[in-house]
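For reference, the structure is listed below as structure tokens.
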Amino acid sequence: MELTTRTLPARKHIALVAHDHCKQMLMSWVERHQPLLEKHELYATGTTGNLIQRATGMNVNAMLSGPMGGDQQVGALISEGKIDVLIFFWDPLNAVPHDPDVKALLRLATVWNIPVATNASTADFIVQSPHFNDAVDILIPDYQRYLAERLK
């Protein structure tokens, strides 16, 4: 597939997602990095988003709860170029009923080449990167060219 460039803005749109056994870990991480995160637009699946809002007072665009379709809503936003970074603390030791949605979310983040953290260490690296508060170009699939080729 041909690639094109997308510019992630200086003010990022960040999705925050956590499985039940990882919510407290994500909450602690968000509270530690609140001064950095406040400068960006936050999105989250339902329960996680409401917990973050309650604990920090930060505005969070909350989707549905993950098992109720929230993971798919975040994935759709990624596909539309509306999410720039995914912080997803998932539980590798416990299966969840919506595992296919989880796999789809991670697949879309990979397809659209956005930064993804699945644990606190990687999330720390992302927010401490010199690029975190700057506009940065990434390569993404050239969907218009892909569509034109498919419709020949």
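In case you wondered, yes, glycine gets a Cβ from its N, Cα and C as well.
The Cβ of D71 (active site, proton donor/acceptor) has V17, T45, H98, D101, V102, A104, L105 as same-chain neighbours under 8 Å, each 6 or more residues away in sequence. Secondary structure at D71 (active site, proton donor/acceptor), as computed by DSSP, is helix. Residues or ranges marked as active site, proton donor/acceptor in Swiss-Prot (evidence: sequence analysis): D71.
Summarising the annotation, Swiss-Prot assigns substrate binding site to H19, K23, T45, G46, T47, T48, S65, G66, H98 and lists sequence analysis as the type of evidence. In the three-state DSSP scheme, H98 (substrate binding site) is classed as coil.
Per Swiss-Prot, domain 'MGS-like' is recorded for 6-152.
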Completion exercise
Across all protein chains shown, the binding-site residues H19, H98 give the max Cβ-within-10 Å count at H19
Fill in the blank from the handout: Its Cβ having more other Cβ atoms within 10 Å than any other among the binding-site residues T45, T47, S65, the winner is T45
Handout entry: Shell of the substrate site beyond H19, K23, T45, G46, T47, T48, S65, G66, H98, same chain only (C-beta within 8 angstroms of their C-beta centre)
Key = V17, A18, D20, A44, P67, G70, D71
